[in-house]
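Record features (TrEMBL):
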BINDING   GLY26, ARG89, CYS90, GLY119, ASP120, GLY121, SER122  ATP binding site
BINDING   ASP120  Mg(2+) binding site
BINDING   SER165, ILE166, ASP167, ARG202, MET209, GLY210, ARG211, GLU265, ARG293, HIS299, VAL300, GLN301, ARG302  substrate binding site
BINDING   ARG473, 530-534, ARG568, 575-577, GLU631, ARG657, 663-666, ARG739  beta-D-fructose 2,6-bisphosphate binding site
DOMAIN    19-324  domain 'Phosphofructokinase'
DOMAIN    404-689  domain 'Phosphofructokinase'
REGION    1-391  region 'N-terminal catalytic PFK domain 1'
REGION    404-786  region 'C-terminal regulatory PFK domain 2'
Amino acid sequence: MAQPDKKFFENLSGTGKAIAVLTSGGDAQGMNAAVRAVVRMGIYVGAKVYLVHEGYQGMVDGGHNIIEVSWESVSSILQVGGTVIGSARCKAFRSHEGRLQAAYNLIKCGITNLCVIGGDGSLTGANLFREEWSGLLEELVKGGKIERGTAQKYTHINIVGMVGSIDNDFCGTDMTIGTDSALHRIIEVVDAIMTTAQSHQRTFVLEVMGRHCGYLALVSALACGADWVFIPECPPQEGWEDQMCTKLSENRAQKKRLNIIIVSEGAIDTHNNPITSEKVKDLVVSCLGFDTRVTILGHVQRGGTPSAFDRILASRMGVEAVLALLEATPDTPACVVSLCGNQAVRLPLMECVQMTQEVQKAMDERRFEDAVRLRGRSFENNLNTYKLLSHKKSVSELPKSNFNVAVLNVGAPAAGMNGAVRSAVRVGITEGHKMFAVNDGFEGFAKGQIKEIQWGDVGGWTGQGGSLLGTKRTLPAKYLKQIADQIRTHNISALLIIGGFEAYESLLQLAEARAGHEAFCIPMCILPATISNNVPGTDFSIGADTALNAIMETCDRIKLSASGTKRRVFIIETMGGFCGYLANMGALASGADAAYVFEEPFDIRDLQANVEHLTEKMKTGIQRGLVLRNENCNENYTTDFIYQLYSEEGKGVFDCRKNVLGHMQQGGAPSPFDRNFGTKISAKAIQWISRKLKENYRQDEGRVFANAEDTVCLLGMHRRNLHFQPVVQLKAETDFEHRIPKEQWWLKMRPLMKILAKYKTSYDVSDSGQLEHVRRPRGQTDTGPI
């Protein structure tokens, strides 16, 4: 099939255009990364870029609030929380007179491109401003404030929005800027509270933010394995008080020393009456007499440094916003740049706002199922997964499948593996299977280190790093007979393997061994879990986000050290084998000057060009440098070689230091993303296994026989969706010598990293430019439920 013509942004010029960027409404971590990306991309394409301080208030007041900025103006803000250009609620902009004054202030600077970072209220205001624009200019002409020629020169204004809100309450995007960072703050607190709660056998009621959206409460409940969660979109059923108390007392009876209850600040019951954290506490104390404490997290959730996910998301969105402004025509509606799966998309702003308002309407009218659907598929999946994992049925209620499913970890440890195991075990038990845990990978499997694992055995696993089952890199090829014997001995009907490239290779070996060992003719699934993110068939692997955050946090500290000493360049080596994901995305998240990766060959001329680039940089106010190097990017240009080259070539201009990050990238508590991703895909994998077991059960023989390609699959996230892909089909996409996929999505992010570090480069924008429509949930029309 012929490849479509690629489209490069070099064809888009910002010359003669002026772009203004403002932040409005509540602040959110990552807003500064978005501002930085808009400013630098705007300057890169030749446009003038202005910062509007104090949101819409600054636009109305004008003067020193609207200032043209340079490349260096947004240096050192990537890692800062909140918004450095200020945000304010503005009554004046809600009035016609205020918007008239704002239009006049923009026209004075020649600004007709506006990038607004805020919530639904801020974006609605921007759209109204756009609709009124020509009328406002006519008024300014009649009032003698501007010439007729000026009005004709600036006939329309282009508006692009980015959603900055910790609440994740905007329909049309899977994640808003700031949400992941807020989850980091919540999980840090929950992990800390768990240790004190266990010491005293306490119950903790945690109240989290989110206004009328329960996303933060729901995902943090998933990520920490909370006993109960209250969210506005899904109020508890009548009689919830007794049900909750029964569950808490059952958990205590099973020797669980703590209970965690999470309450969203907008939580309500089915009659729309508020459920407060104090009310929940009083209920637990009066019914059960448990020592119960309330912790209200408050504005802690808005603070702190942005997570790696938010920095990368905001940088991608900022660049996409500038592209959208450059491509806009007078007929282009105001759009919002959003995230769908792993894809940046543009959606009509008012379609998103309308659906966001419909959610509140559905809740007001007590149509809670509609409210959940309108929140989007990400929210719905989270809720369904939480329900699956949290409500343990009694033995009499469970279906009986008579299938035994084994779970094992293979390869190097990755943060989030334990959460995935917990999810698999609990969903498997709910499906009626007997779940078996295999210790120490295929080595343990061959030795018979297999035991049944119960619901309570995996309590508290989500927050623990490493691999509690134990993991080995050993492949099954040399133990095939022993493993086949163990499968027969324990009557194993299906396998779930959680691991990295070794796990993928293991499944290929087991699939090939089916011809000689009938024991392997069972459904088998792999969940990618490796910090290297080098497994084919998926954009993300469990553990990679945690490692990325570890790299980013270290780089932040190193940058602070470098800014103190001045004129210093740090060379940092990251892990990843031959896969440059960690080096490249770590560089994007930490604002590095260069990243050397195996996938993009480089030579001595490139190294020399980087040294010259840093030499020029030292002449500006930013007198520090950061260079990341993937451990296997080049066998000759080692970390030591690059360090010595930079030291020699930079003599008299800058000095060098090197830092090998090593195994600290593999350790630590899993990030909220890894906990949530691992939990969700594991639940989905077990449901797939259940389907395959039913499809491949031979009634006459009383056993499972699965021999088709599609019964040995990898579950991965690709672009917008989760896909089960037969591992045999993935062979063609794999570079086995270097243990990486032949095509990797993140390579499209390399030009982004280079542009933001002021390198001239080519950027493929073939995926950009299409204005899509908001996908309405099934069973829903513009006028309400069918």
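Using N, Cα and C of the backbone, Cβ positions are placed for all residues, glycine too.
Caution: TrEMBL annotation is automatic and unverified by curators.
GLY577 (beta-D-fructose 2,6-bisphosphate binding site) sits 36 Å from ARG302 (substrate binding site), taking the Cα positions as reference. Rounded to a whole value, the Cα-Cα separation of ARG211 (substrate binding site) and GLY26 (ATP binding site) is 12 Å. The number of other Cβ atoms within 10 Å of the Cβ belonging to ARG302 (substrate binding site), over all protein chains shown, comes to 19. Fewest other C-beta atoms within 10 Å: among the binding-site residues GLY26, GLY119, GLY121, that description fits GLY121. Within the same chain, residues at least six positions away from ARG568 (beta-D-fructose 2,6-bisphosphate binding site) with a Cβ under 8 Å of its Cβ are SER561, ALA562, GLN623, ARG624, GLY625, PHE654, ASP655, CYS656, ARG657. By neighbour count, meaning other C-beta atoms within 10 Å, the densest spot among the binding-site residues ASP120, ASP167 is ASP167. Cα separation, SER532 (beta-D-fructose 2,6-bisphosphate binding site) to GLY119 (ATP binding site), rounded: 35 Å. Between the two most distant C-alpha atoms of the annotated ATP binders (GLY26, ARG89, CYS90, GLY119, ASP120, GLY121, SER122) there are 14 Å. The separation of ASP120 (ATP binding site) from ARG302 (substrate binding site), Cα to Cα, is 18 Å.
The local packing around ARG89 (ATP binding site), expressed as other Cβ atoms within 10 Å of its Cβ over all shown chains, amounts to 14.
The closest partner of ARG89 (ATP binding site) among the binding-site residues, by CA position, is SER165; the full candidate set was SER165, MET209, VAL300, HIS663. Each of the binding-site residues ARG211, ARG293, ARG473, HIS663 was scored by other CB atoms within 10 A of its CB, and the lowest score goes to HIS663. For VAL300 (substrate binding site), the count of additional Cβ atoms within 10 Å of its Cβ stands at 16 [all protein chains shown]. Checked against ARG293 (substrate binding site), the binding-site residues GLY26, GLY119, ASP120, SER122, HIS663 differ in C-alpha distance, with GLY26 being the nearest. Of all the binding-site residues listed (SER122, GLN666), GLN666 has the fewest other CB atoms within 10 A of its CB.
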